[in-house]
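J.: Below is the structure I would like to discuss, written out as structure tokens.
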Protein chains: 2
Amino acid sequence: MKACGIVAEYNPLHTGHVYQMNKTRQISQADCIIVVMSGNFVQRGEPAVIDKYARTSAALKAGADIVVELPVYYALSSAENFAKGAVLTLNEMKAASICFGAETDNADCLAKISRTIISESPEYKAILNKALAEGLSYPAARQTALLEYLPECKDIITGSNNILAIEYIKAILYNNLNMTYYPVLREGAGYNDDSDTAEYASAFGIRKMLMSDEHDKLKTYLTAGMYEEISNSKSCPLFPDDFSNIFNHKMLFIKQICNINNTDFAEKLAEYEDISPDIANRFVAAFTGRDNITEFAMKVKSKNIVYSRICRCIMHIILEIRKSMSDSYNNIPYIRLLGFNKTGQQYLGSIKKELDVPFITKAADYKKELIFDFACSDIYAQAVYEKYGYVMKNELQQNIIRI
Amino acid sequence: MKACGIVAEYNPLHTGHVYQMNKTRQISQADCIIVVMSGNFVQRGEPAVIDKYARTSAALKAGADIVVELPVYYALSSAENFAKGAVLTLNEMKAASICFGAETDNADCLAKISRTIISESPEYKAILNKALAEGLSYPAARQTALLEYLPECKDIITGSNNILAIEYIKAILYNNLNMTYYPVLREGAGYNDDSDTAEYASAFGIRKMLMSDEHDKLKTYLTAGMYEEISNSKSCPLFPDDFSNIFNHKMLFIKQICNINNTDFAEKLAEYEDISPDIANRFVAAFTGRDNITEFAMKVKSKNIVYSRICRCIMHIILEIRKSMSDSYNNIPYIRLLGFNKTGQQYLGSIKKELDVPFITKAADYKKELIFDFACSDIYAQAVYEKYGYVMKNELQQNIIRI
């Protein structure tokens, strides 16, 4: 059996995602579609609007054969780490190929860009360093350098939806993986486009509809399965500001313990993943305990620190994701199965013996490996309870989704 | 000048307290009344209904000459430690005497009980140990033993309001202090009596009126100054359940960090002051993150663990009060002035040079000593903000009260 992978968040799953799944099956000629999906927290540094099991169910109903969880460490990482975690997971699962959305289907040009970044030729590096010295943030400097070094790829370099595509290819090339990659030209609205006139609304636009409770509109853009999950759920939607109290209290406690022990608050914050000394100082200066998360992130944001990175830093603090953990994630520590259908089951049977890392189907058997996922789910469930008064199943009570 | 001390919480200040102040002045013949008052947290393991500065102002208007703060470590302690902290503070301030409410004015009998507990004669100890072996809690066993050992003091031993009186005398005798003690027969309702028919309502009864917003009734029982403070305050009343979110999040974070580091949650909780291994286990078993504080305390309560102790344990967790701190409080580490009038100022001038510990009048000059008070005030202010949206002054912005 031949499998093709998709990396997704399905936050929430919409008709554009179904288009991608169909395209994937068609282009890759795969028998089995494996989705590596973010769990309860997503790459923008936000909670998923609805929990991972509901999204898994919707994904299976929409055509996925297997859904596995991208561990939260990768899910809440930079595009580079996010892509690395996802690609390595697909590789562990013996996926022959990966298919991803992009604003181009020019695989050659995407590969050229990826190779340039990996190889860091002296010429490219000189341009990059010059841009960094001028005070640009790393992503901005890289874009400037690439534009100068590869002028023929101009349109692709500036396409915001090509960033992840480039990172997927980079992960494949860097790790010498035997994995074919298929960029699929993305249809419909752009990533951050909240217009709802396009044939496919973006997940961002749909989250805005959810926030303003426009359920009728939602029905048009979500898959039937996703719409049903959302309509029947007692625990959704969840947004970043539903974690504001949790964040403020966590910060207050860290500050309090620092004060009592006479240690530096900013230094303590800089122990969390992705928090630079500069970001830590900005957090300390901005913190009052009275802002909600979006207000706080806007206060901390600067020319050189993008909003989504700040949101990820906030989630790292809430979820106790520390720099010291990074070594454990140089390689995929395990694969966690969220759901599958009959085709998926057949495929899993065929690769089961070849897996190099624990393949977790029963959480209770891997309490040690999953301690982090459990903690994250507990925090997610706490926010759900505080918003809706609804008690979610915990990770040990929750079964894998089968359709 | 001669001073007499009163130990109080004034939570809130009512007419019964004024009666006690007048009696104190009359019995002690003192020129100056020093009040040692709990700050923003009180001995029942609760937040004060209104902050310490408002209560200080009311106390001065009601007849106190000096108000100093009982450090939160003592304020949130057992009756024994609470009394010790207060008595040692008054002794540092050269108070010639102390006056306290009791259900008896039989000072001899109170002293006899106190001496029995301190000296622990073999006979008394044998009875005590037998009672403990039968599974009684320490306070219950002590009462049983005292009743058997000092049958002539029966009525006094069983009077709930004599517990603190005995502890004040114990602290004086144990530390060989040169301090006269005057028990004042308490008038009006009992400590836990919520009837409002007595001439003086109890603070407990008044808190119930506050909770149900019976402002007209309040006016009858509170002093004019206290009523004014409460009426004008934008940050009161505050009750234990206003800290439920803070408590649940703190517990969740401790649990999360224990899980991640593979350390024992109960052991971690037992690092906090007054939390025995048994209480820690009960906390772990009861914790869901979904109860408010009073619900949680009721779940943890048992025959051997009284409710107020559980509430103090909860506050120890919230405020980071750990067993490791106890050594720093064997003696009074400092005295913090909250307010004074002209008589008080004169008295302070007369003793200033004889003080053995820092006498703090300007918080900014004692940031290190007060780091704990600052942290407690920050948590109190956080709960106020979450309930009322009002930003309280922090400890550095707040001036001492002078009338």
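Just so it is clear, glycine is given a Cβ too, placed from its N, Cα and C backbone atoms.
Since this is a predicted model, take the numbers as computed values, not measurements.
Below are the features I grabbed from Swiss-Prot:
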type: BINDING; residues: A:7-20, A:Gly101, A:Asn161, A:Arg186; note: ATP binding site
J.: So which of the binding-site residues is most packed in, judged by how many other Cβ atoms lie within 10 Å of its Cβ, out of A:Val7, A:Leu13?
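T.: For the binding-site residues A:Val7, A:Leu13, the Cβ with the most other Cβ atoms within 10 Å is A:Leu13.
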J.: If H, G and I count as helix, E and B as strand, and all else as coil, what does DSSP give for A:Val7 (ATP binding site)?
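T.: Where A:Val7 (ATP binding site) sits, the three-state DSSP reduction gives strand.
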J.: Across all chains shown, how many C-beta atoms besides its own are within 10 angstroms of the C-beta of A:Tyr19 (ATP binding site)?
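T.: So the number of other Cβ atoms within 10 Å of A:Tyr19 (ATP binding site) is 17.
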J.: Taking the binding-site residues one at a time (A:Tyr10, A:Gly16, A:Asn161), which has its Cβ surrounded by the most other Cβ atoms within 10 Å?
T.: A:Tyr10
